[in-house]
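Colleague: Not my notes, these are from TrEMBL:
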- 12-35: transmembrane segment (TRANSMEM)
- 23-294: domain 'Sugar phosphate transporter' (DOMAIN)
- 41-61: transmembrane segment (TRANSMEM)
- 77-95: transmembrane segment (TRANSMEM)
- 101-118: transmembrane segment (TRANSMEM)
- 153-175: transmembrane segment (TRANSMEM)
- 187-206: transmembrane segment (TRANSMEM)
- 221-245: transmembrane segment (TRANSMEM)
- 252-272: transmembrane segment (TRANSMEM)
Amino acid sequence: MVGTILSLSANGRIIAGLLVNLFSSICIVFINKWIYVHYGFPNMTLTLVHFVVTWLGLYICQKMDIFSPKSLPIKRIVWLALSFCGFVAFTNLSLQNNSIGTYQLAKAMTTPVIILIQTTYYKKTFSTKIKLTLVPITLGVILNSYYDVRFNLLGTVFATLGVLVTSLYQVWVGAKQHELQVNSMQLLYYQAPLSSGFLLCVIPVFEPLTGDGGIFGPWSLPALVTVLFSGVVAFLVNLSIYWIIGNTSAVTYNMFGHFKFCITLVGGYVLFHDPMSLNQALGIFCTLAGILSYTHFKLAEQEEGKSRLAQRP
């Protein structure tokens, strides 16, 4: 009886964690888009708010013994912190200048670029099946972007930069976690304030300080509340990702990610009335098929590798 109650309690916590991640991951896209469309809040400043709130949230977490911080030499994570600034700022600019559909599908290009980086610079090899899944992913993104009536050059530039910097960041995060022997929360605990400092130095150069659209402009109370809420949701996204992977598995997180991908796309067309042609829908299905195939083959290879290790004497 006690075992059953504990099992139900554990399942309840997992479901709660998945729901927090689902709502926070989807909400952060829609809230940020709402802030850009209805308030015109400056992009880098919004990114800075996310970093500061994330660090404060992590500070509270470590005080509650949710994780233990590990002392890290700042000079060894400088480039990682810079890439963290770039990937969040450029993906937000992509969201600001593209439809949600194009923004979401552009993010799917992160997988092919990561594979390209790891193959070229880290001499990592991938199976033919994995490489072939990149064809429908890339083709789907091109189809969607080409037939998007809101397609624009500036949005494409930001989406491309976002993909490149995000790919570098993800590769470096994995490398740094292994090199420094830390988990994602311990790394983010140092990254967030360092990235905030970098942004504070460049924000006055790229964004006005006063007047309409300025950092200290005449913002309404609803705008400021929405921006702060966006920061809290960004922190919940980071925290829930770590919690899900730590308490379930990478398989659960990956499969759950596909569900969020579809809901975000549908939500963009419903909430912001983004037009969608038949060719765009074809591109979306093509990309989703590629992502599902990639995940299936990748996880199958990982399980096969574990089985081989287990069979070794």
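FYI, residue positions are counted from 1 along the chain as it appears here.
Cβ coordinates are placed from backbone N, Cα and C, and glycine is handled just like the others.
Whatever TrEMBL says is automated annotation, not expert-curated.
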Colleague: Taking the transmembrane segment (77-95) as reference, which of 41-61, 101-118, 153-175, 187-206, 221-245 has the most Cβ pairs under 8 angstroms?
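Modeller: Highest pair count goes to 153-175.
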Colleague: What is the average pLDDT across the domain 'Sugar phosphate transporter' (23-294)?
Modeller: 81
Colleague: For the transmembrane segment (153-175), what are the same-chain contacts with Cβ under 8 Å, counting residues 6+ beyond its ends?
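Modeller: Residues packing against the transmembrane segment (153-175) from afar: 79-80, 83-84, 86-87, 90-91, 93-94, 96-98, 102-103, 106-107, 109-110, 113-114, 117-118, 122, 145, 184, 187.
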